[in-house]
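Enquirer: Sharing the features that TrEMBL gives for it:
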{"type": "REGION", "residues": "20-40", "note": "region 'Disordered'"}
{"type": "ACT_SITE", "residues": "Glu196", "note": "active site, proton acceptor"}
{"type": "BINDING", "residues": "Gly235, Ala236, Ser237, Ala238, Gln239", "note": "ATP binding site"}
{"type": "REGION", "residues": "593-612", "note": "region 'Disordered'"}
Amino acid sequence: MKLKHRIEADDSWHFHVERQQQQSHRHRALKSNQNDNDPKIPQYHTQHGIMIDAGSQGTRLHLYEFEPRILRDRLQVERLVQGQTLSFPTTDSRWTHRLKPGLDYFAFVADLEDMKREVRNYLEPLLEFAKETLQEKQEHWNDYPIYLKATGGLRTLPAEYRLQLMEIVRALFQDTDFNPFFFETEHARVISGEEEAIYGWAAVNFAKGVLLEQSTGSGEAVPPNKTYGMLEMGGASAQIAFYEPHGDVMANLFKLQIGAARHWNVYAHSFLYFGVNGAYERLNARLVANSSDVDDYFVYNPCLPGASQYVSTSRVHFVNNTMVPVSDPDHPFVLQAPLLSSILRNDHVRGDSQACREMVYKLLRLEANTWCNFAHDWDCSFAGIYQPKLPDLDFIVTSNFYSIFEFLGLETTTLAELRDQATRICDMTYPELQRYNNKRAKPLATTDLLQCCFQATLAAAMMIEGVRFPLNKTVTAIDVINGQKLGWPLGSMLYEINTLPWKFGGKLEKRLGTKPSENDDEWDCTATEHDEANTKDIDCIDIHSKYTRASLVSSVPTLDSWVQSKVEIPLLPLLVMIAASLLVIAIKRRHPPSSSHQRLTPLGPSYGSMNM
């Protein structure tokens, strides 16, 4: 079965590129004194990481900042070995740049050379934004890692199209004329839905201040004082993740480990085609297939407001009078299937909340739970997916869930109230809905407004009939916590920076005899100006180390150098432990463990065993 979310009908992607009109002023803002309207100024001594989120609704670049990963004295080495030292990213809401449409749009380009050219032109504004924001640190650009991780939009593509598109992206980022930042082949890939879920969970719990504080040490992070469950809905997929304190998970268990700290047993699952666009396309395609006259271009949609219509264009085909989607038999790949265009309309005075709810309920495909209910004793959510019993946790909903709640005027609310508000919106006439929308600080565009009834109904159904929350369950919709925008990119950057190598500096560097020459520009011998509190321990610090895993090995002195430098005896076992740990990590990287459970370790996920 092959599906595809809603297709952009414009002739060129150029019409979708959203450039900041005042982008030329950003350079001046970095040089001027910071005020409430200026972007956060990158600090002189910090490191940076760049995460590009290639989603189905668009591509967004996020710039992050973190403290240099430098061990300056014996105490810091001890804390590192004990799993008590972790790096964390910070950012600014204006360190983000977004383009439309999604990267998967370019899979439709027939000519390979045209595809390469258009992908380059598409991504170039993102790189220019990063370079402009960091232009005062240009000499260190090649130290800052850059990642491009694609999600649901590319997961919907046939494998050959997905692989071709990602190869073009990797080749582009390996071109130093295009990308001056540090890049390795594995930095650009399509992540699994479960990775997206686990990173989203990490972002929520990190931003709430409960992840790093309870991660220090070794072994399993039990019992935590507090964690939060996470639900997010993108354009093509929706994710759920929560900590399972007993570790009693039969499927979709991820062991998340940040750096060398404790690991977390997290249930994580992603529902492809249950994002707002994927689900809406399935709904409209099903209505068209089941209409009384398949040649009729006007099809009734009860989820539209009264006296309105919507043009639907899709490659999704359904078996008539069923909820079963199929590919066109003459065109097995979705990209080769013919486009079906229809006008969905509601000629009634008002929308029909009850009929809309019944249609959305069918999209959950609860009939597919038959085997799951038998095999797992009714521990199932929807679409035939196993889910352990929900723990008694607070759940935070993000992404499009947040947008839906915000439109309905909700923040922390029961699911009964969510359903009531969805019903109220669905039963409005179109003029009533327009008046309601115009009172908002940021009114929705017409296309989004026409979908608000469907999206609100979907959100309620997914949590009540799907995930099986009780009606009195309270959930909270949050988009930003302490200046950190929630979403999987934040969790992914948190994970990635804690896999980066450590360098020696300060007294520790002097004892180990690893300091480069005095003329080496990588070493800042005036670092005490930036960290006066630690002047006793900092003599000369490697602020901008090369971000290669090989550099970690090369930066660790040999045993001879340790002896020659007359390191104090208590420090030697700690350094030996670090070297031994590196050897174990290298072995594991070459021979990943075969397990039914997935584990995110300091060297990254075991890609070969992830479910796509």
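From the backbone N, Cα and C atoms, a Cβ is placed for every residue, glycine too.
TrEMBL does not curate its annotations; it predicts them automatically.
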Enquirer: I want the residues beyond Gly235, Ala236, Ser237, Ala238, Gln239 whose C-beta is within 8 angstroms of the mean position of the ATP site's C-beta atoms, in chain order.
Expert: Ser56, Thr151, Gly152, Gly193, Glu196, Glu232, Met233, Gly234, Ser270, Phe271, Leu272, Tyr273, Phe274, Gly275, Gly278
Enquirer: Would you kindly give the Cα-Cα distance separating Glu196 (active site, proton acceptor) and Gln239 (ATP binding site), rounded to the nearest Å?
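Expert: With the alpha carbons as reference points, the distance is 7 Å.
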Enquirer: For Glu196 (active site, proton acceptor) and Ala236 (ATP binding site), what Cα-Cα distance in Å is obtained after rounding to a whole number?
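Expert: It is 12 Å, counting Cα to Cα.
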Enquirer: Within 10 Å of the Cβ of Ser237 (ATP binding site), how many other Cβ atoms can you find? Include all protein chains, please.
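Expert: That number is 27.
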Enquirer: Where does Gln239 (ATP binding site) sit in the DSSP three-state scheme?
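Expert: Where Gln239 (ATP binding site) sits, the three-state DSSP reduction gives strand.
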Enquirer: Helix, strand or coil for Glu196 (active site, proton acceptor)? Use DSSP.
Expert: helix
